[in-house]
Each structure stands twice: as C-alpha cells, then as structure tokens.
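Asks: Have a look at the structure that comes next, please.
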Amino acid sequence: MKQETGKKRIIIAIDGPAASGKSTTARKVAHLLGYTYIDTGAMYRSVTLKALKQGVLDSLHHSPESVSGLLHDIVIHFEGDHVFLDGEDVTAEIRSNQVSREVSFISSLKPVRDRLREMQQHLGRQRGVVMDGRDIGTVVFPDAELKIYLVADARERAKRRHAELTAKSAEGVELPDLDSLEQEITKRDRDDAEREHAPLKKHPEAYEIDTSAMTIERQVEMVCQLARARE
C-alpha cells in the first residue's frame, strides 16, 4: 500500500512475549500504513537455525563466546513474507519446534544481540517501519515515536501457537499438545525476562494492549489510530 504524501514517516516498535500477536499485528499495521515490516524474531530464529544446521549448538552452550564465528558472514533478508538465510528461503524451517526451543538461548548471547541490533538499526534508518520483537522499544529504537507492548495470558498464547503450527505443519506430523506449549511459553517468558542482555520489559512510554480477548482486527485498528496521531 502506498504511503500517503505529506505525512511524517515514523518508527513503530512493537514488543511483547511469545505468541502475544506481535508479528501478525505488525505485519497488518505496516500494510495499512504503507510501511515496511521487519520481523526481528525471524532474525533470531535464523541465527538459531544456522547454529542447528552447523551442529554447533552444544558447543555454544559450553562456549557461548564462539558464536562470533557463526555471525561473521551471516546474511538475513526479507522478501515480502519470506525470510532468507544466506540466500536460502527458511520461512518454514525457522518456525520448527526445535528452533523454538533454542531461540531463547541464542537470543541471550550478547554477540548475537549486538550484531542483529546493528542490522535492525540499519533497516530502520529509512523510517516508515514497523518492527516487532522483545527489545525494540527499549534497546533497538528507544526513541521510536510509537512504542506498543502487547500481552496475553499464557493459555491463550498456547492456543495461538498450536493453531499456527497446525496451519504450517505437514499432514500426519505430530504436534505438541496445549499443556506442553503453555509450559514452553511460560519458560520462554521467564528466560526472556531474566536474561542478562536486553531482557524483555516494557518501556515506560509504551502503550500496553492486552490481546487475550481481542480480535486481531481490533488490535491492528488501535495501533493504526495511535500511529496516525503521530504522523
């Protein structure tokens, strides 16, 4: 959608815990405003996938500093809704359960956060961007004109994750049940909030939106209204 002329292009930072609706909201808001959407979670998942493919995850758990070698020549880019890692389309692979289990650990490594923060800030220089993640409003773009913090109860987020996995998984593939997903999400919340570098937290200026009982259309509408008031 074409950006309206005569309006200031702003940076919209959307943060929140796993499966709170960040990516879906950010993608739809970007489309409606004619902005660029940048999925930072996909970037961390891409690094995690690369570690898995190279078989270095165990060694990273023992020697986290060795992650620098993994980041040396990494290339992550987006084409529409597709994510490319070193030239390969990994859109589906980065949503696997294995990646989901390890991404919090990879995200806790300072060299990873530093490298991806540089990439994210470079992508946001053009302004007119919607970026979602866990530290966008607090670390990557603390001066973003609009900061949003989405929350939802763990059970509701587990239901969303299950629906996402069901839609994207091949027929016959066994999926984790709701209780397992809820436990995984709760652990991810704890890991994200307690990590040493750039922990998940709400910026004092962020608007908190509880999406537990809210339609995606309504939360998108709320964010767009807040954004248009700042353009």
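Cβ coordinates are placed from backbone N, Cα and C, and glycine is handled just like the others.
Pasting the feature list from Swiss-Prot:
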{"type": "BINDING", "residues": "Gly16, Pro17, Ala18, Ala19, Ser20, Gly21, Lys22, Ser23, Thr24", "note": "ATP binding site"}
{"type": "COMPBIAS", "residues": "184-205", "note": "compositional bias 'Basic and acidic residues'"}
{"type": "REGION", "residues": "176-205", "note": "region 'Disordered'"}
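Situate these features within the shown structure.
Replies: Counting only residues at least six positions away in the same chain, the Cβ atoms of Ile14, Asp15, Gly16, Gly41, Asp132, Gly133, Leu150 sit under 8 Å from the Cβ of Lys22 (ATP binding site).
Listed by sequence, the residues of this chain that lie at least six past the ends of the compositional bias 'Basic and acidic residues' (184-205) yet keep a Cβ under 8 A from its Cβ atoms are 13, 15, 17-19, 100-101, 104-105, 107-110, 113, 134-135, 137-139, 142, 147, 149, 154, 157-158, 161, 176.
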Asks: If you run through the compositional bias 'Basic and acidic residues' (184-205) with DSSP, how many residues end up as helix, strand and coil?
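Replies: Each residue of the compositional bias 'Basic and acidic residues' (184-205) counted once, the result is 11 helix, 0 strand, 11 coil.
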Asks: Need the DSSP three-state call for Gly16 (ATP binding site) to compare against my parser.
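Replies: The residue in question, Gly16 (ATP binding site), is coil (DSSP, three-state).
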Asks: Could you say whether, by DSSP, Thr24 (ATP binding site) belongs to a helix, a strand or a coil region?
Replies: helix
Asks: To test your reading of the ATP site: which residues beyond Gly16, Pro17, Ala18, Ala19, Ser20, Gly21, Lys22, Ser23, Thr24, same chain only, put their Cβ within 8 Å of the Cβ centroid of those residues?
Replies: Thr25, Asp132, Leu150, Ala152, Arg157, Arg160, Thr211
